[in-house]
Amino acid sequence: MPNRDHFFGLDPVHRQLLVGSALAVGGILAYLLLRRKPVKSIPVGEGWWGAGEKPQSEDESIRPFTVETSDKEIEDLHGRIDGSRYTDPLEGSAFQYGFNSTYLKKVVSYWKNEFDWKKQVAVLNKYPHYKTKIEGLDVHFIHVRPTSRPNQRVLPIMLVHGWPGSFYEFYKILPILTENQGGLVFEVICPSIPGYGFSEAPHKQGFNSLAAARIFHTLMERLGFSQYYLQGGDWGALITTNMAQMKPQNVKGLHVNMIITNRNFKTLLTIILGPYLPSLVGLTREDVRRLFPFFEKNVWEMLRESGYMHIQATKPDTAGCGLNDSPVGLAAYILEKFSTWTHTKYKDLDDGGLERKYTLDDLLTNVMIYWTTRSIVPSMRFYKENLKGDFDKRVDASVAVLVPSGLAAFPEELIHCPKAWAVTKYHNIYSYTSMPRGGHFAAFEEPQLLAEDIFQFVRKVEKC
């Protein structure tokens, strides 16, 4: 492993170059930090995303909602599946070129002949669903209350999903969070991001994570909560981070399993010295293992895995046409992410390792949420709305998160963020956990591990 022995093994010129670079970068960083005036919150703002003109008033009622299906819907799905065409995979290519069509045929056969959508709809309806109108959009959410017991503290928490996931990602963690754990238990609210699943898609341009954050604050306030915890991964991590930046007085604590920070001089210093003197720049041995070699793990690997993002951040409607029309195309597009984002080495397997951590029923239920709601295109638009400008110049980029924060770093996450980097964004870290296993879809893949980390974080905040 790279360490200080490597540093002292360098010739004197290279050692001086490294130390000189470190001092120069450190000095610039210190100067910038001293001259920067801290901003405590971002503007709440306002918005209207409904069709047509904004009315003078809006129905604020909370309405029960039930997921439904029909024989006609299922027959249409099966008819489209029967009409699908496939291209033979290259020999020995596994998932290196994307979803392997040989395995795809097996998934599709299961989908048509064994998968029971009506049964899965009943599973979805296991928890109470609701909708309420906010800023012109029907916002869908599930609201799960724990069983009432004496001598337990009930704390509200909102869980927010990302792409290509849905509220269904949390179905395995819900029973754990709503079960009394040493006198502590959660009341859980899981919304669907507008444009995803059963939440209405925005009708106007510009709906980004800041708009979602504002809408979700309104949802929690409408439910009667003045203070609450937040948890998220993927887009959910950004949305909940924005919520903490927007109304810190309402957020008791923030827990994320994808850590989002801005790259700065401290990051550069870490990259330069990290392989040689990790402790000097605040890196642990595990950080070094996950980060280096830096370009292979953080540049080339991201280039290999981010092609979808460039499409969705530029022309989402074009690619979305085919996905919205073909269930097989949609399944391949979504499920490939549940392969390589769960473990990068799964792309070397003929079946993408999909059934190592998930069941086909769970995976296809998530696909069916996109298919039946026709939400793949608006979900892809969320990338364009968030990435159409310089991300580092957004209003939230320069605002620190001051609320108590818990960070769970899973080893197979797309990009590793050491605590040394995280502190530049999250200024009040109560816990930073290097998780023993797991990837991008933490709640779906490792619900027990994630729940345990949420509980230990909240106990630190609540001092219980």
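Any Cβ shown, glycine's included, is placed from N, Cα and C.
Where the annotation comes from TrEMBL, it is an automatic prediction and has not been curated.
Since we're looking at a predicted model, the values are computed, not measured.
What TrEMBL records for 62-170 is domain 'Epoxide hydrolase N-terminal'. Residues or ranges marked as active site, nucleophile by TrEMBL: Asp234. The annotation active site, proton donor is assigned in TrEMBL to Tyr383. Annotated active site, proton acceptor per TrEMBL: His440, in sequence order.
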Whole-number answer please: how many Å between the C-alpha atoms of His440 (active site, proton acceptor) and the residue listed as 'active site, nucleophile'?
8
Counting across all protein chains present, how many other Cβ atoms fall within 10 Å of the Cβ of Tyr383 (active site, proton donor)?
20
Which whole-number value in Å describes the distance between the Cα atoms of Asp234 (active site, nucleophile) and the residue listed as 'active site, proton donor'?
12
For the domain 'Epoxide hydrolase N-terminal' (62-170), the mean pLDDT of the predicted model:
97
Across all the protein chains here, work out how many other Cβ atoms are within 10 Å of the Cβ of the residue listed as 'active site, proton acceptor'.
22
Across all the protein chains here, work out how many other Cβ atoms are within 10 Å of the Cβ of the residue listed as 'active site, nucleophile'.
25
